[in-house]
Structure formats: C-alpha cells, structure tokens
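Record features (Swiss-Prot):
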{"type": "REGION", "residues": "1-40", "note": "region 'Disordered'"}
{"type": "REPEAT", "residues": "92-127", "note": "repeat 'Pumilio 1'"}
{"type": "REPEAT", "residues": "188-223", "note": "repeat 'Pumilio 3'"}
{"type": "REPEAT", "residues": "286-326", "note": "repeat 'Pumilio 4'"}
{"type": "REPEAT", "residues": "511-548", "note": "repeat 'Pumilio 7'"}
{"type": "REGION", "residues": "635-666", "note": "region 'Disordered'"}
Amino acid sequence: MGKTKTRGRRHQDKQRKDEFEPSSNSAKEHIQQEESTYNDEAEIKETQPQMFFGVLDREELEYFKQAESTLQLDAFEAPEEKFQFVTSIIEEAKGKELKLVTSQITSKLMERVILECDETQLKDIFQSFNGVFFGLSCHKYASHVLETLFVRSAALVERELLTPSFDNNEKEGPYVTMENMFLFMLNELKPHLKTMMNHQYASHVLRLLILILSSKTLPNSTKANSTLRSKKSKIARKMIDIKDNDDFNKVYQTPESFKSELRDIITTLYKGFTNGAESRSDISQSTITKFREYSVDKVASPVIQLIIQVEGIFDRDRSFWRLVFNTADEKDPKEESFLEYLLSDPVGSHFLENVIGSARLKYVERLYRLYMKDRIVKLAKRDTTGTFVVRALLEHLKEKDVKQILDAVVPELSMLLNSNMDFGTAIINASNKQGGYLRDDVIAQLIQKYYPEKSDAKNILESCLLLSASTLGNTRDDWPTAEERRRSVFLEQLIDYDDKFLNITIDSMLALPEERLIQMCYHGVFSHVVEHVLQTTRVDIIKRKMLLNILSKESVNLACNVYGSHIMDKLWEFTAKLTLYKERIAKALVLETEKVKNSIYGRQVWKNWKLELYVRKMWDWKKLIKEQEFEIFPNSKPLQPKPEKHSRERNNSKEGSAFKKQKHYR
C-alpha cells in the first residue's frame, strides 16, 4: 500500500515554516539596517562611498572629448606619435583624474589611456586613486575604469615577479612595486567587502579582484560569456569601440602574498556572514537562511559562485559551500525547500549549475541523490531553470549516475528539444563520453524530431534552422540573429555526430530551390552549414556531383564574397576525383580573372586553387590534382590492367581462331 498523504493544519504550518522564500528588497534593506545598529552615526557616514569629485570646466571637457575622439580614430602614423599623444593627455589630466573617471564622457578616455600607457604612467594613475578605491568601485563609470586598470596591473605584477631586476630608475623617488601598490589598495577595500558583494557596480570589481588573486583567467570584457562585466556593459563597450589589449583573456602568475590576501578576503567575508562563529554548530538557522538569500540575489550570486570556485585553494573544509548546503546523509526540510527554489528560479538555477561544476564530487552526488534523482525528467522539462542543472549533472557526475539520467531523459528527448535545443548537445556529449551509450536511441529521437519519416514535407533545414522565418534572402541587410547562429551550430554538431545527419542535411539542401541554396551560401550564418557538409570522404560521389552541379554555376560570385569564398576553398578538396568539375570551376575563375583578382576574397580563392599554376603550367596543375587525390583517398586503386587469367583466355581464343583459319585454308 502506498504512503498516505499527510494532511492537517499542523503539517501545513510546518511546511510553511520550512519553505524558502527570499526577502523582498525592502526586507533586505531592513536586514542591512539591523546589521548597522551596532555602529554609531559617524561610522555609518564613513562607510558611505564618496562618488562625487567635482566636474570639469567647459574648456577642459572640450579638450578631453577631442582627445578621446582622436584616440578612437587611431590615425597615428607611428606608435611613437601615439605614445607622445597619450603622454600629453596624462600630463593634462594630472590632478583631474577623479573628475575624469566619474564622468560618462571622459571615463572612456581614461580607459583608452590606461590601455595605451607605459608601466610608469600606469603606476602614477593607480596612485592617483589611493584613498578612494571603494567610492570609485561603486560608481557606474569609474568602476569600469578600475577593472581595466586592475587587469593591466595584474600583467605588470607578473612582469615584475618574473624580472626581479625590473628597471627602478625610471623616475625620481623611491621605487614601489606594483605588488605593494595592489596590496595597499586591497587593505583599503577590506572593510567594505560585504557591501561590495551586493553592490550593482562594486560586485564586478570584487569578482575581478578574486580572479586576479586566485590566478584565474581574466576574461575579455566584450565576450558574451565574460565574467568581467555585466551584459549591458559588454554591449555598451562594443558600441563605443574600446578594444582590450593583449593583457586580457590570460592567466597571470601572482606572488605568494596574493594567495594570503585571497585567504584573508574570503575569511573576512565568511566571518562577516556568520557573525564570527567559531564552528559550524554555532551558526544559527537564520544566518544560513540570510546567506542563502544572498546566493539567489542577482548581484551577489555571481560573487558567491566565484568564492565557492576558488575557496578550495586553501580551505579543505569548503566553508562557503557548507554554509549554503548541508553535508549530512539525510534530507533536511529547509534545504529541500531551498533546492526546490534553486531548481525553479532563473538566478537560483544558474547558481546551482555553476557551483556543481566546482564542488567536490561527493557533495554533488549527495544533492543529486537526495533531491533530484527521482524527478530528473521533470527538472529537464523546466526549460529556463532545471534543465541547466541537469546539463551540469551530466557533465560532472560519475558514469553510473550519468547513465541513469540518460536512461530517463533520452526517451523524452524529441519533446525536450521543443523548448531547449542546447539540451540535445548535452545529451550527445554525455552519450559520447560514456562510449556511445544509447547512441542509436539518441539518433532515433533526433531524427524523429527533425526529419520524421512519415512526413512528406520533411526538411531538416526547415525544422532545425527555421529557414522560412529566418533572415535568409532579406534585402534589408538584416544581421543574422543569435538564435540563427545557435541553431546553425547545433545542426553542425549533428552533422559531426553521425553520417545520417550529414546525408539528411544534403538531401534537404538538394530539395530546396537552387536559388534558396545559393542564398544560404551568401548568408553570414547558414553559409557555415553549407561549408560543413562539404566533407569529401564522408559524402558519396553521386551527392557530391549533385551539389557541385549547383555550386559550380555560381563559382565566380562565391569566390568574391566574404562567406562564399570559404565555400570555394572547401570545393578545392571536395572536387577530389572529380577532375571534370575541378577543371570547370578553375576555367570559370580564370575567364573572370580581373573580377576575381580585384576582390580581396577572390585573390585568396585564386591562391588556394593554385590558378597561377593552372594558367602557366597546366600539366603541373594536373599533377598536383593527382597528388591531392592520393592524399585524400590513399587506399583507392588506379585503373588496373585485366587479370592474367582473362589475358590467357583472350590469347587462347586468338590461337583457336587462328588454328581454325589455317584448317579452313587447308
């Protein structure tokens, strides 16, 4: 007999008591007020960041605006000329640095100057912010300047570390290392760490500092998945055309003092959140609940994710993980409620997805076993929340658990793909990682979704790429959308996964009107799909000929196009063992020599097709073709003479007929 459902008012009261519900913004403000009741008014004023440092007068503003425009144009004849210009800006900016970095207009100039200045100038700018780093980190525009400054400073710390004899006579006065300047700045920020964690702008600065101190990659500030800036900031940075220099997207060596500072920062934050508790048993449930609220706060959550990622460098107990989650083998009602919130909230699911990737395996296995194992399909159906957690589990759990998830999810795959195409990629990767586990079932589900056998109008280009609703063929010069790019990448993954999808895609292309297929070749995204099917050894010769019949007609125009030229480069190999098609394309390009050579893309195609050799030494070009064919098809046999048996039979028949003739003449 199954378990009876518990009913009654007391049970409902207990459920409400255990339920996790984050505080509203007003409640958070109340919590912050409670935390500050022990400070007097003077101390409260000291903790408020100073963010106004005056404004530039009209003439100064006009000069710096013009300087910013000049740097953006970057029309200098020599690097020395550019450096002299940057030096003149720095001289003019002395004493006005704080006004410049807190202005929307001139903060962009300061970022450009920091990216272009030398080490001595960088240190001067760094020192000009002493005493106000906290205020600047909380400022909408100055915080971006600080991030650029800190990345360049990290690069300089490494250079000084690897070159102890770094020139210290560059300027008069005592020589100060970048390491010491950085440590001085960190001491200035330490009293404000908890405030920075939950601040709209300062939280990004804090995340960057943790990355630097832990020797993690300092990401590009304009990439979509960058941890350095917010989504709005990355878009704005692209629009104002500030390009990162070579110091970004790298890992830097750091001195031992940085590891000590990282430990000190994380320990300080932990004590701040636990009210200085000596052991875990001294931490109250209300304290744990408050910290869990921080974990699902859209500003503080990324910082906590990063702390959980790096705390293992020096803390074997993983204190922050244990502050968020329990470690006991039994279920906990409050933790269960918290997990349910994480699995159904966009911020919470992103938090759980990321910490799963950096936590100890035994901790992840515990969460999976207690709270997710029995409802994995239901979680996968939560396309904006739970599905991301399931993907993380597929990537990080042991083989046995991954196979259990695949057993549950694969039969539902065609339905799950309706709302989350990326989930298909996760399933394919997990199946491959487990030695092709359930591979045939995965393929069957994918075909059922994108190329159903019973459908008369089946076309994977339509079902997967949604061609009819896309920007293909638009005359308004619409940019390809992010959704089109995502779908194209997924189809390319399917093509690589199994030959069935390669052949299905080619069949779908051949089913299109020729004009439509040619349009795909000129599209910024869909051209990659056309390029991806041109795999010489995987496509049978009949389908190769059918594709070449269409593409060869457009060879000259394709060669002169930014996207089509890549397809033409692939056709050089795709025409192997199809000499007639190769010569037809080469002849068409040579007949339009002027047009091809006048195009930057056409010149590259001309070079890759070895057409200078074709024009000057045709036989050498044909010899090159034969060598290429042998490289691509090393096991293919050239035309062989008839076997000896047949030749003997032929000779015998000739001798027999001759004997008959002799007999006849007798």
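Counting starts with 1 at the first residue shown.
A Cβ is built for glycine as well, from the same backbone N, Cα and C atoms used for every other residue.
Panel annotation: around the repeat 'Pumilio 4' (286-326), residues 20, 22-23, 28, 31, 197-200, 203, 206-207, 210-211, 214, 216, 227, 259, 262-263, 266, 269-270, 273-275, 277, 280, 332, 334-335, 338, 341-342, 345, 347-348, 350-351, 354-355, 358-360, 363, 367 of the same chain, lying at least six beyond its termini, place a Cβ under 8 Å from a Cβ of the stretch.
With helix defined as DSSP H, G or I and strand as E or B, the repeat 'Pumilio 1' (92-127) counts 26 helix, 0 strand, 10 coil. Computed over the repeat 'Pumilio 1' (92-127), the whole-number mean pLDDT of the model equals 94.
Broken down with DSSP, the repeat 'Pumilio 3' (188-223) shows 22 helix, 1 strand, 13 coil. Under DSSP, residues within the repeat 'Pumilio 7' (511-548) fall into helix, strand and coil as 25 helix, 0 strand, 13 coil. When DSSP labels each residue, the repeat 'Pumilio 4' (286-326) comes out as 29 helix, 0 strand, 12 coil, counted as helix, strand and coil in that order.
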